[in-house]
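All remarks here apply to the structure that follows.
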Amino acid sequence: MTRSVGTAPAPPLPYRARPPQVLLGVGAVLLVSAAATVASAYGGGPVRVLLLALAAVAAGASLRAARSRLRSSEETLAASAAALALVGTDLGGPLLGAAPGSAALLAVGFLVLHRVARTTACWPLAAWGAGQLAVLRSLDGVADGLHTAVHLGVALVGLGVALRGRRVVARIALLTTVPWWLVGVAGGSASAWTDTGAERWLSAGLMVAAAAGLLLARRRRELQPLMGPRVAVPVLAGVVAGAGVTGAFSSLGPLTMTLTGYAGVLIANAAAATLTDRRRELFLPVALSAGIVMALLSIGQLVALERWSEISLLLLLTALPTVLVAASRRDDRPVALPVAIGCLAGAALLALPDGWFGPVVAAVLLTVLYGVAMTAGAGLDAASRGATARAAAVCSLAVAVLLRAADERTTLAVLLAVQGVLTISWAWRTHVPGEPLDATSSPAWRGGAVQLVAAAWFFAAAADLAAVEWYSLPAAAGLLIAAGPRLVDGPSWPSWGPGLLTAALPSAVLAITTSDGERAAAVLIAAAAVLVIGARTGVRAPLMVGAGTALALGLGFTVRALPWPLATALVVGAALLALGMRRERSPVDGFGARLADLR
């Protein structure tokens, strides 16, 4: 019979130490504190010699402990030696105000000790700390324009230590490198955008190197817990590199800005198309963020300079690889197609301010893009058609705004009619018979109807056609088209009723009120035809609307032909008949009593 044995939880960190480690820690603190106090109180050459001698003794003891594999003693004595050496060389003076040479010598000495005792983690950390101290002390003697290079150089060294050192050394080196990296990137970005000459390019190159170093550090497994979410460092590296490169090239003129933005687009597209497996996971966020930053910053500069032709060229160049992706990669088409349509539409619109062509040509180009979107987008699955439909809608709206502002009503009518036919074809192709309309088919029927109605109205207005039928009949046809497949398989009143009533009522009312015989004859013929068709096909709404229109016309003309007293008697008699029948069905006070009971 077996018995499970529980494992006791690990104690808190201070209680994990053993008594020898406690003794070592207390002794090191007392030794260094006493040395710092003596250096601060007395100073002078003898004290320096004494402290350096103590540091040498502690270093020697650490080396001996390393050979004996006494890990705690080795690290504690090495830390004590490093602290004593620092105190001995500075003699208690200001930390950053002393000469940088002493800290540099200490860094070299600690590196030598690291070469002797590879297992001691304190020596590389002490060398790294002394090196940083030497750099901080020497900054005042460095030209202001080179401060950024110094900061980024130290950051690169720190990232190198983080890449090659053992785990504890790598983590501490990374954490102490972060301030240098941030200050260097901020200064490098400003230098890449504002400086002149070689300083601009040097800063851009160092920013790219700093981004690459950070990306390499992200690949080391021991450092990943300190790097945040998986995509944070790649995105940050891409943003830094893209901003530095764009800033450096921004000084070469608008055409170079355009090409820089296009290079960003190519980087993003090439990475998305070629990277696979583990390389894609690491480098795709870098390429996308760098490419997007380069493109956006380039466009922002061109907009600030009002270089509309260059922006149009950039959008046109951006659309070319996207068009190729949309044509060759079916899986990427739902994203590539609307992006290509949007870029080409933007290029056409931004060519207008510099007079490359006029509003009519731009409207025709936008209508062609609309047709491409409608034709190609209808072949996508229902879940991915929305973006293409929105891009096409933007093109259609731009056409309407351009031509209306230019007062090109006839051209607008023609292009709207073409767009309406294309929209109806989208709706027809995307509808599956027997199934309900999806999220894009239903708006397409309504949108196509609106476009066709607007086209007819603009044509009528351009031709100065004033008859009400030029406006009511297109509106009626639009309502019928908007119903879509419901005309065939849906209830007749919601689908047929609004359109037929819109067609019949205005003409019938005008025919009666104006005694227009020709209009009345045309309405009667149309009503009879609708009535017969409704009866033949078994659809209620056309039958009822046709019959009602014919009866209303006949009754209306009959009433108008009577003298007005007889017409009044007819109306009053009809009203009394209706009221009497209603109150006989549902009597109220007075109506339910006999005449003999009335007072």
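Positions of Cβ are set from backbone N, Cα and C atoms, glycine also.
Just so you know, TrEMBL annotations are computer predictions that nobody has curated.
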From 22-42, 463-483, the residue range that TrEMBL assigns the feature transmembrane segment: 22-42
126-148, 172-194, 494-516 - the range that TrEMBL marks as transmembrane segment: 172-194
Other parts of the chain folded back onto the transmembrane segment (282-305), taken as Cβ under 8 Å at six or more residues beyond its ends: 211, 215, 218-219, 231, 234-239, 241-243, 245-247, 250, 254, 257-258, 260-272, 275, 311, 314, 318
Region pair the transmembrane segment (172-194) / the transmembrane segment (229-249), three or more CB pairs under 8 Å: yes
